[in-house]
Amino acid sequence: MSTPRIVLGVSGGVDSSVAAWKLAQQGEPIAGLFMQNWADDGSGDCRAEDDRRDAVAVCGVLGIPFHFRDFSGEYWNGVFAHFLAEYAAGRTPNPDVLCNREVKFKHFLDAAQALGAERIATGHYAQVAHRGGRWRLLRGADRGKDQSYFLHQLGQAQLAATLFPIGDLEKSTLRRIAQDAGLPTHAKKDSTGICFIGERDFREFLGRYLPARAGEIRDPQGQRIAEHPGVFYFTLGQREGLNIGGVRGRAAAPWYVVGKDVANNVLYVDQDRDSPLLQSRWLQSEQAHWVTGAPPARRFTCTAQTRYRQPDEPCTVDVQDDGSVQVRFERPQRAVTPGQSLVLYDGEECLGGAVIAATDAPLERQLAGSSFSSEVVA
């Protein structure tokens with residue numbers, strides 16, 4: 001078996017399948033590597049085994065070597081333990097960002113280099129360019145599928161060793177290529193949601209690791225209107241799963257989460273989807289990461305996303321002495337959530353990002369700074 005110059009992460013999905021096909025067409029020695037990032041937990045969810053079989057089948061059709069690596073221990077320590085700690089603290093983490101940084105572009109890269117490869121490739125919708133002496137992370141051509149948001153923690157060494165073969169394709173074109181090439185995954189549906197939860201109920205899954213503690217649901221005036229099964233099951237702006245029935249004297253309208261008092265185990269809700277309690281124009285981050293190794297300036301303007309697929313929002317960024325950033329948006333933002341990722345862009349280029357630590361949303365600021373006072377919030 002010849003030494004591969006490129007090792008592709010094959011997931012068993014159509015995206016990595018077409019990425020493998022494109023590389024195979026170039027005639028360079030390549031190999032596929034399937035990563036198992038989650039150990040069987042006895043739940044009966046065998047999606048990983050199905051994905052592995054599909055990955056083997058694709059490699060067989062293309063005539064490229066198949067490799068398997070079990071990274072479940074690395075995933076648990078580098079991603080899942082952090083995921084649980086964040087939820088226990090009342091924040092809403094983004095495990096896909098951490099998985100890319102800690103597993104796919106760290107342990108996978110190491111495994112590929114151990115096989116003798118010079119570069120790795122993945123089926124992400126993103127692009128890499130070398131400009132001005134630095135490697136740049138660019139959005140994928142299909143803006144609806146662009147995954148640069150999840151890749152913003154990558155650095156120069158990783159980008160220098162990475163290919164994104166499908167970054168210049170639209171999803172519809174990719175599907176046609178897969179069918180025309182006879183790839184067995186051409187009609188396979190896209191995976192969604194958090195990878196280790198799969199099709200399982202999120203609340204039931206999280207409850208296995210974080211003991212549930214029921215508490216009060218209150219309105220902005222502090223009146224108890226219902227009970228929740230645990231504050232960490234909910235995120236700001238959420239509507240689904242509250243199970244609030246008819247409340248006497250209130251309209252028959254949906255309720256939305258507007259605040260989480262983790263210390264006192266209280267969830268706050270409002271019937272206004274765009275409640276002022278959810279609005280913020282300022283946020284403070286944890287330490288920021290810059291794709292090129294440094295920010296464009298100490299203060300600069302750009303656009304930002306505070307959740308995946310959110311429209312770009314103009315903002316001003318101030319880099320702090322400790323490496324964190326403060327961001328002020330031109331217009332109020334709804335449900336900016338601590339624990340989620342702030343990702344910054346200059347046009348098509350992803351500059352980097354950081355974890356959101358705090359915002360100036362009225363209720364969240366109150367709860368972060370002191371015990372809740374209904375007189376202040378109302």
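Just so it is clear, glycine is given a Cβ too, placed from its N, Cα and C backbone atoms.
GLY123 is the only one of GLY116, GLY123, GLY132 that Swiss-Prot places in the ATP site (with GLY9, VAL10, SER11, GLY12, GLY13, VAL14, ASP15, SER16, MET35). DSSP gives GLY9 (ATP binding site) a strand state. Ranked by CA distance from GLY9 (ATP binding site), the recorded positions CYS99, HIS124, GLN340 have HIS124 at the top as the closest. Shown are the recorded positions SER11, GLN340; the one with the most C-beta atoms within 10 angstroms of its own C-beta is SER11. Each of the binding-site residues GLY9, GLY13, MET35 was scored by the other Cβ atoms within 10 Å of its Cβ; the lowest score goes to GLY13. Among the recorded positions CYS99, HIS124, GLN340, the ones whose Cα is located within 10 Å of the Cα of ASP15 (ATP binding site) are HIS124. Contacts of HIS124 (site 'Interaction with tRNA') defined by a Cβ separation under 8 A and a same-chain sequence distance of 6+ are given as ASP15, GLY140, GLN147, PHE150, LEU151, PHE164, ILE166, GLY167, in order along the sequence.
DSSP assigns CYS99 (active site, nucleophile) to a helical segment in the three-state reduction.
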